[in-house]
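J.: Here you go, one structure.
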Amino acid sequence: NVVETQEHYKSRWRSIWIMYLTMFLSSVGFSIVIMSVWPYLQKIDPTADASFLGWIIASYSIGQMVASPLFGLWSNYRPRREPLVVSTAISVAANCLYAYVHVPHSHNKYYMLTARALVGFGAGNVAVVRSYIAGATSLTERTSAMANTSACQAVGFILGPVFQTCFTLIGEEGVTWKFLCLQLNMYTTPVLFGALLGVINIILIFAIFREHRVDDMGRQCKSINSDGEGSDVLDQNTEGSIDHIAVVALNILFFVILFVFAVFETIATPLTMDMYSWTRKQAVFYNGIILSVIGIESVIVFMVVKMLSKKTGERAILHAGLLIVLVGFFILLPWGKKLPNIQWQEIKNNSIPRTVPTEMLTPFWSLQEMQLPSNHTAEPVGCPVTQSWCLNTPMIYLAQYISSDVLIGLGYPVCNVMSYTLYSKVLGPKPQGVYMGWLTASGSGARILGPVFVSQIYTHLGPRWAFSLICGVVVVSLLLLEIVYKRLIAFSVRYGRLQE
């Protein structure tokens, strides 16, 4: 058995840190434009409507879903540097394309759609990153490394909108470079910044990243796809077949976890506008603050989970995480007597009084009621009368909404890290590229279907149906976890090479 040298240990962890950075940059690439896509789209192509915006947002996940298994397969047979560099280069090129979508004279919205789909395609490299980290860590290091990976991803999602906010100072006009046909404004500068980060990432992959592989005990072994680095001891512990029932179950659980979170992100703005009579600006601003706080909460949770899992094991923590998410959505169910403010669009000019529950009228809202002029200059607020459930569904109190946010912000990161960690342990020492690709693809699928599902159910049937169905889905996933609980053990433990 080759015991790892100090030099090998340092080199191995340097490479893992480069993978953390790749993960961070990939999520910054997604979130850095997310707040400005809609105004930019309206500016470059007036023919685009809100449903087309839905396609542009979804195109990122569709691109990632297609690319993940492909990059994963590639990384199983070739040095991982190849798919990592190619995927990052695709993202850089796609970001540059996004900066130029205003140039053509027509069909601009389709260029924007293509650019976002290609950025997503490039982000398929997260499967390569996670499979590399799984192969380059021992079982004892794995949970901590996976938690760090997810934390880097989460920090990327939080900082993307922060960078975007800084770039708004440039304004809508900004600077134009005639010789490059390039406008540097609040919409294009963030993506060009993203492209620059991608170039730096490629340089670091060439300069620092080296392929390493260790077995579950942490002994150095030669990688199938290494370029001649590492020792010549091949891993003897790859005999035995992977438990495919456990693999499928974890894919389903991961789908549910990301589906539920995508629903939560999508519903936040419309729900708060309907329930608390917030304007569009208020809803985006307040929910932006709430999501940032949840992001910070998640990073803290990732760090705590690393300590906890050593004491209780990953399965118990995954179970607890799902229960917390269930309670979070259960709290969101409407109860009580008060109805939300109703937004009467058609009859505002008539003499019919607006039926607003009197107990709802705090001084602030009553001020707003008085200020609404008879013409339509003010933005109508409240629950639109076109959603028939508004007339008979009790409102969800702000305290309910905030408590639910806190619980989901606690449960989601726990489930996220634990499902990745358990998955990589169940797969064991064999190359995990394709399997990690499938897991990433199931997560991307959830992020496409979640928003579609919730927008339909919520609009037509209301929050009671939407959140009851989500609770049902989480209960089913808890039952599934119970059924496969005993199978979710590390490959080496299953074949008796290590004690749990």
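Including glycine, each Cβ sits where the backbone N, Cα and C put it.
Because TrEMBL annotations are produced automatically, they should be read as predictions rather than curated entries.
Feature table excerpt (TrEMBL):
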- 15-489: domain 'Major facilitator superfamily (MFS) profile' (DOMAIN)
- 17-40: transmembrane segment (TRANSMEM)
- 52-72: transmembrane segment (TRANSMEM)
- 84-101: transmembrane segment (TRANSMEM)
- 113-133: transmembrane segment (TRANSMEM)
- 154-171: transmembrane segment (TRANSMEM)
- 191-209: transmembrane segment (TRANSMEM)
- 245-264: transmembrane segment (TRANSMEM)
- 284-305: transmembrane segment (TRANSMEM)
- 317-336: transmembrane segment (TRANSMEM)
- 401-423: transmembrane segment (TRANSMEM)
- 435-459: transmembrane segment (TRANSMEM)
- 465-485: transmembrane segment (TRANSMEM)
J.: With the transmembrane segment (17-40) as the reference, which stretch in 84-101, 154-171, 245-264, 317-336, 401-423 has the largest tally of C-beta pairs below 8 Å?
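T.: Stretch with maximum Cβ contacts: 154-171.
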J.: Could you tell me the mean pLDDT over the domain 'Major facilitator superfamily (MFS) profile' (15-489), as a whole number?
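T.: Averaging the confidence scores along the domain 'Major facilitator superfamily (MFS) profile' (15-489) gives 83.
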J.: Give residue numbers and ranges for long-range contacts of the transmembrane segment (465-485): same chain, 6 or more residues beyond its ends, CB-CB under 8 A.
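T.: Sequence-distant neighbours of the transmembrane segment (465-485): 245-246, 249, 252-253, 256-257, 259-260, 263, 267, 315, 318-319, 322-323, 325-326, 329-330, 332-333, 454, 457-458.
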J.: Give the nonlocal contacts of the transmembrane segment (84-101) in its own chain as ranges (CB under 8 Å, at least six residues past its ends).
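T.: Apart from its flanks, the transmembrane segment (84-101) reaches 22, 25-26, 29, 33, 44, 67, 71, 108, 111-112, 114-116, 118-119, 121-125, 128-129, 181-183, 188, 191-192, 194-195, 198-199, 201-202, 205-206, 209.
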J.: Please indicate, using numbers and ranges, the residues of the same chain that are 6 or more beyond the transmembrane segment (245-264) and have a C-beta under 8 Å from a C-beta there.
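T.: For the transmembrane segment (245-264), the far contacts come to 318, 322, 325, 329, 408, 412, 415-416, 419-420, 422-423, 426-427, 435, 438-439, 442-443, 445-447, 449-451, 453-454, 466, 470, 473-474, 477, 480-481, 483-484, 487-488.
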J.: Using a Cβ-Cβ cut-off of under 8 Å, list the residues of the same chain that are 6+ residues beyond the ends of the transmembrane segment (52-72) and lie near it.
T.: 30, 34, 37-38, 41, 83, 87, 109, 112-113, 116-128, 131, 432-438, 440-441, 444-445, 447-448, 451-452
J.: What residues elsewhere in the chain lie close to the transmembrane segment (284-305), defined as a C-beta under 8 angstroms and at least 6 residues from its ends?
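T.: Hits for the transmembrane segment (284-305): 35, 143, 147-148, 150-151, 154-155, 157-158, 161-162, 265, 268-269, 272, 278, 317, 402, 405-406, 408-410, 412-414, 417-418.
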J.: Taking residues 6+ outside the transmembrane segment (191-209), which of them lie with a CB under 8 Å of any CB in it?
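T.: Residues packing against the transmembrane segment (191-209) from afar: 14-15, 18-19, 21-22, 25, 28-29, 32-33, 81, 84-85, 88-89, 91-92, 95-96, 98-99, 163, 167, 184.
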